[in-house]
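Database features, via TrEMBL:
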- 302-316: compositional bias 'Polar residues' (COMPBIAS)
- 155-275: domain 'OmpA-like' (DOMAIN)
- 281-324: region 'Disordered' (REGION)
- 21-39: transmembrane segment (TRANSMEM)
Amino acid sequence: MARRRKHHEEHGNHEAWAIPYADLMTLLLAFFVVMYAISSLNEGKYKVMAQALTSAFGGSSNKASPVQLGKTQSLGADYDRPSVIKAGAPMAASNGPTDPTLLPSMAAQMRMPVSLRNQAQLARAQRQMDAVEQQLSKTLAPLIDKQLITIRRNDLWIEVEINSDILFGTGSATLAGRARGTLSTLAAVLREAPNGVRVEGYTDNQPIATAQFPSNWELSAARAASVVHLFADDGIAPQRLAMVGYGEFRARADNSTEAGRNANRRVVLIILADSAGSLAPDPPSQLNATAAGAPKLPKSDGGQTAVTTESGTSSVPAVIQGVQ
């Protein structure tokens with residue numbers, strides 16, 4: 001009788017997990033070794049490479065700059081209340097720097113302190129402004145006496161306010177004949193100075209809706225542009241000129257009376273202090289202005305400057321800078 005063989009049940013290898021686990025640990029060890037090697041790069045070489053890449057793409061290097069310590073001087077109470085200049089007032093005159101100053105942007109700016117290292121530069125700019133102010137007061141004395149022109153002085157700019165009635169006819173942006181003589185006299189003074197000049201146009205609240213001037217914005221901008229074009233034609237560098245039209249939205253008097261509307265129809269020249277343009281905040285009339293909807297200035301067939309805006313009806317005035 002054949003002997004029956006007993007079949008023993010095979011047992012599985014319960015330690016098979018150890019091989020993949022060891023492989024995993026080996027890979028993790030290699031990974032952390034590589035990460036450690038990367039983190040140990042020469043920091044000096046890394047900074048040199050970063051600065052080279054920044055310079056190549058037009059950026060600025062992150063180099064530390066010394067900080068000026070000491071007292072600072074803020075603009076005083078006269079900042080918001082420029083004094084009215086009368087004809088014949090004695091002024092101190094001296095020669096100032098001759099480099100032209102770029103106009104500050106039309107964006108809103110806060111008051112900024114003037115550091116001690118800029119005091120000498122500011123003093124030179126103020127002396128140069130004294131000379132310009134003296135020339136303007138002497139040249140425009142007859143019109144100042146008639147209260148047709150008002151000159152106001154601040155440490156960082158001069159305002160020359162001209163009543164629009166002596167410059168333009170009703171609803172027109174064409175300069176009158178007598179206006180050209182007055183503005184040419186102004187241009188003769190400003191032509192020899194390096195200061196930036198911003199021309200601001202204002203109107204009353206009387207509505208206008210013509211094909212050429214759909215609103216008072218276009219009318220005020222066109223009037224300012226006419227003055228800018230005359231200054232450029234009289235030899236003032238266009239790079240020094242800018243213009244803005246505020247329409248009826250910067251009224252200085254009550255529009256319910258004829259006298260108030262007459263006061264609101266005006267053109268204001270802002271003559272900025274040379275070499276202090278970077279220190280000067282915008283004049284009070286500019287602090288809430290925003291540059292948008294820049295108008296185009298084609299010439300109409302009648303020789304009058306026509307102004308249109310790309311933005312149509314807008315809540316901000318239109319601005320042109322550097323009118324050629």
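Heads up, the Cβ atoms here are built off N, Cα and C, so glycines get one too.
Where the annotation comes from TrEMBL, it is an automatic prediction and has not been curated.
Just so it is clear, the model here is predicted, and its values are computed rather than measured.
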Using DSSP, how many residues of the domain 'OmpA-like' (155-275) fall into helix, strand and coil, respectively? 46 helix, 29 strand, 46 coil
Limited to the domain 'OmpA-like' (155-275), I'd like the whole-number average of pLDDT. 91
